[in-house]
């Protein structure tokens, strides 16, 4: 018998569903579509635009901006490849039409929103736009965009509300800055920008701004960026950003922010005493927190000390027939992870018997950073491998070289690879790469590592020449 005790009807209910999904991001959309494909009567509720962070203010528009920035850099290489112009292109001579490009980018995202909605409808998912909240009856009350209210009940409910950016609210003047969401609302390219944060979001945005010609400043608390990644990635990206001319302010933080009301410019005061003057935009990229405020207390769903929904390996919360996944539950916060978890959850809940124990394996999840150059990682860092297996039980292979593309160029971009192996069979437990096309390279090697590949398996693969990736199967 399915949760009639929990979802009792004590308020007028518009409709009852087999499955109700709160949040139309990557995980919610994937789970609702999969459930509907099995015949479940499914409702998806979204407060803003379909696709969530990834499609609207994350992966997709960010990658579009990265392409523009990367192309701007490569255009300056043209004359070194024999492509003559009257005036050789340089970062100073290239102009980027930010407002016009923003229109094209936003139109592309709008098309994707429509594709998401059409795909949901094709699968038979009902979509309601509005803000959902559990009421004290255990049902879901939705305030729609026209300010009308509907109440829905369901046998099973998924919470996939995602996350939102964190602000340093104790810093005087913090509100003068924006966040990574606000980056996509900028109508003009800032001449001078300060990005605060050493995580992948800050690194990507600082790189984009620099590539497009902005005077870019990056403020980090430690000595390196990307501190959750292996040291080969931390050191290579940090050093190259400095070499490229990004102003990396290390071992400091923002003390206060002031605004000149006449010019609109900001003064960003750092804790090391330095003041960054005439700043056009300040962007906080200090992490994200779960997007809550949906009445979880009314149904008793428990949170951890980071205010993330606690789930087990099957995405179950502590309340029967309420589930959670994606950023709001604090697991691996990546779009493909949420999609995979959402599909597996619906397989288990609504699919055939063979999927009754379906769950996502959160180990060996590949991730990339669209820095300049790109970085990719899967498995354990070297420090993690030492802690897990002991230093004497691991072997580390590294390679440092210049990709062929840069052989014709005076200014070289680094390529660094590291393979971490464990035990006498040298099972590959970690792979960390920095260099052009790292994201594309890592996808294939991710399959191999997920299957338990050893160093011998890598060695037995015939190399593709000439490529950078061949180094991974010829490394000694």
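Each residue's number is its place along the chain shown, starting with 1.
Just so it is clear, glycine is given a Cβ too, placed from its N, Cα and C backbone atoms.
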Of 343, 348, the one that Swiss-Prot places in the same glutathione site as 26, 33, 116, 236, 418 is 343
Under 8 Å by Cβ from residue 132 (FAD binding site), counting only residues of that chain that are 6 or more apart
22, 45, 47, 140, 141, 142, 294
Far apart in sequence but close in space: which same-chain residues, 6 or more away, have a Cβ under 8 Å from residue 46 (FAD binding site)?
23, 24, 28, 127, 128, 129
Looking only at DSSP and grouping its letters into three states, which state does residue 465 (active site, proton acceptor) belong to?
coil
Which residues in the same chain, at least 6 apart in sequence, have a Cβ under 8 Å from the Cβ of residue 116 (glutathione binding site)?
24, 29, 50, 51, 55
Tell me which of the recorded positions 33, 59, 343, 418 ends up closest to residue 335 (FAD binding site) in space, Cα to Cα.
59
Counting all other Cβ atoms within 10 Å across every protein chain shown, which of the binding-site residues 26, 236 scores highest?
26
CA pair residue 33 (glutathione binding site) / residue 26 (FAD binding site), Å rounded to integer, equals 11
